[in-house]
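Novice: Handing you a structure now.
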Amino acid sequence: MTIKSLRRGYHVIKTALHFGLDELLPAQKTPWYFKLARACLFWIRNEHKDTIGGERLKLAMQHLGPVYIKFGQMLSTRRDLLSDAWAHELAMLQDRVPPFDSQLAMQAIEEELKAPIDSLFDDFDPEPLASASISQVHTATLKSNGKSVVLKVLRPNVEAQVVADLQLMSQCANLLEMLLGQGNRLRPAEVVEDYRLTIMGELNLKLEALNATKLRNNFLDSDALYIPYTYEELCFPRLMVMERIEGIPVSDIDALKAQGTNLKLLAERGVELFFTQVFRDNFFHADMHPGNIFISRDHPDNPYYIGLDCGIMGTLSEEDKRYLAENFLAFFNRDYHRIAQLYIESGWVSEHTDVLAFEQAVKLVCEPMFNKPLDEISFGHVLLEIFRTARQFDIVVQPQLVLLEKTLLYIEGLGRQLYPQLDLWQTAKPFLEQWMAEQVGPAAMLDKAKKQLPFWGDKLPEIPELIYDNLKMGRKLIGSQQQMLDRYLKHQHRVHKSNYLLITSAVLVICGTLLFEQNATLWPSYACVGSGILLWLVGWRSRPKNRKF
Ligand SMILES: Nc1ncnc2c1ncn2[C@@H]1O[C@H](COP(=O)(O)OP(=O)(O)OP(=O)(O)O)[C@@H](O)[C@H]1O
């Protein structure tokens, strides 16, 4: 631990105590040494006694800076762990932070490009277009084609700051886990690990550029989503250059209305996009907060989304996808038993779960939803509530499912904001039904066979050789089996012969003994015993040496 990290640690502890976060721990679970340590820091007082818990946490995170602000934002999406009130407070955290010095930005850009900015760009604007917790965005014109672009550059030293803060966070999380006990539903260590994966993904802009290109290619022919072009040859871990887009922020409903955007179509397209990304492409944008989504200004009657910031993308396994689709369908068919079964079959909950108890719990979650009009039912909330329920049954929620549930909540929230009567089921059902039919119908079989074709194409030339080798091996096998049989028969023959001689010798010895007692002449008796001994010797010698053949 360096002096710097000790100072940072002290700053974090001071902030936590200053906002009274220690008082939020249940008193009965706080051990004596924790209370003693708190008493030793008596000069740091809780100055927010009148503020409620969620708000105190929000203020503390705001005070601690960008890494904690982003952590708070992520935490706000873990509604399976936090109560709605706390999640609501944390969702209000804004990571629009003051820009950093343009000189530093330009220096970082030139270091990555290994060339002066004006050798590649015209009109570079030192005034940032936007400035967020991790990066800052500047506009320019690309010299080679005259197109408007943006340069997204990481904040100076942001990686070191993130790593140091993460280390501290995971130490605090481990301490908290110790205080609250392993079984606590907050699972601080798991949450911090989840955050680590998320934020580390955002720290590599080269990776973000690759994600953006992949998503762009998936939707090249789409009239629902546009992803700006990234100039991959100008993308590096700390710098990303992409096409500049013009759009209306999706949260600016007034501006969307003013230009006559077809909001119903837009909301429905949002749901379609989600299902297409998850089920068709298995590659979904998992950071769809309103700051990353813009709406086209052209043809507002047929509007499309513009997506930015592909740092966090999600994928599901084929199995998870199928279980998820079946889950949605089972939910709308009110088949709670099937939902419970699906959770167990998929391995999302332990196989030792009491299915009936779990089914009852799922029913308690789902049934009230059906008393609502369809346009008020929320897939995201259903999934969220089922996760919360499943936690009581010791579910290990897969990170990719949490990402998906979070994205679904965003999409739904967005859709309902755009068009409050949005009927998610009507929009999603045809898609899901078609997808399921494609998975299990004859077309799916044909498709799977088609997918196997390259494999068989590869293996086909080897088949005659394999057949020849197998036949040869078969012939050898028959030959060796025949030899084994011959050996066995010979062995049996020797065993029988030896047994016959031994029994005969025993009979002759017995006869010789009887003759010896009854006859005055002794030679027949000696002859019997002698030939008996001779036969015994021959029989003993002809015995097979070992029992194996
Ligand atoms: N291609 C672009 N064209 C126009 N503006 C852009 C473009 N890319 C980013 N911006 C602007 O910069 C802002 C920040 O970009 P982005 O969301 O990618 O950064 P970030 O650091 O990942 O922020 P956060 O993760 O907090 O959302 C966007 O909200 C948008 O206003």
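Backbone N, Cα and C define each Cβ position, glycine as well.
Sharing the features that TrEMBL gives for it:
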ACT_SITE  Asp287  active site, proton acceptor
BINDING   Leu129, Ala130, Ser131, Ala132, Ser133, Ile134, Ser135, Gln136, Val137, Lys152  ATP binding site
DOMAIN    93-342  domain 'ABC1 atypical kinase-like'
TRANSMEM  499-516  transmembrane segment
TRANSMEM  522-540  transmembrane segment
Novice: Enumerate the residues of the same chain, Leu129, Ala130, Ser131, Ala132, Ser133, Ile134, Ser135, Gln136, Val137, Lys152 excluded, that satisfy the criterion Cβ within 8 A of the mean position of the Cβ atoms of the recorded ATP site; list them in sequence order.
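Specialist: Residues close to the ATP site, other than Leu129, Ala130, Ser131, Ala132, Ser133, Ile134, Ser135, Gln136, Val137, Lys152: Pro128, Val153.
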Novice: State the residues, same chain only, that lie 6 or more residues beyond the ends of the transmembrane segment (522-540) and have a CB under 8 A from a CB inside it; answer 'none' if no residue qualifies.
Specialist: 497-502, 504-509, 511-513, 515-516
Novice: Count, for each of the binding-site residues Leu129, Val137, the other C-beta atoms lying within 10 angstroms of its own C-beta, and report the residue with the smallest count.
Specialist: Leu129
Novice: Looking only at Ser131, Ser133, Ser135, which of these binding-site residues has the biggest number of Cβ atoms within 10 Å around its Cβ?
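Specialist: For the binding-site residues Ser131, Ser133, Ser135, the Cβ with the most other Cβ atoms within 10 Å is Ser135.
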Novice: Measuring Cα to Cα, tell me the gap between Val137 (ATP binding site) and Asp287 (active site, proton acceptor) in whole angstrom.
Specialist: 18
Novice: Can you tell me the CA-to-CA distance separating Ser131 (ATP binding site) and Asp287 (active site, proton acceptor), as a whole number of Å?
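Specialist: Spelling it out, the Cα of Ser131 (ATP binding site) and the Cα of Asp287 (active site, proton acceptor) are 17 Å apart.
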Novice: In the predicted model, what is the mean pLDDT computed over the domain 'ABC1 atypical kinase-like' (93-342)?
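Specialist: Taking every residue of the domain 'ABC1 atypical kinase-like' (93-342) together, the mean pLDDT is 87.
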Novice: Measuring Cα to Cα, tell me the gap between the residue listed as 'active site, proton acceptor' and Ser135 (ATP binding site) in whole angstrom.
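Specialist: The residue listed as 'active site, proton acceptor' to Ser135 (ATP binding site), Cα-Cα distance: 15 Å.
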Novice: Among all the protein chains here, how many other CB atoms are within 10 A of the CB of Asp287 (active site, proton acceptor)?
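Specialist: Neighbour count, Cβ to Cβ under the 10 Å cut-off: 25.
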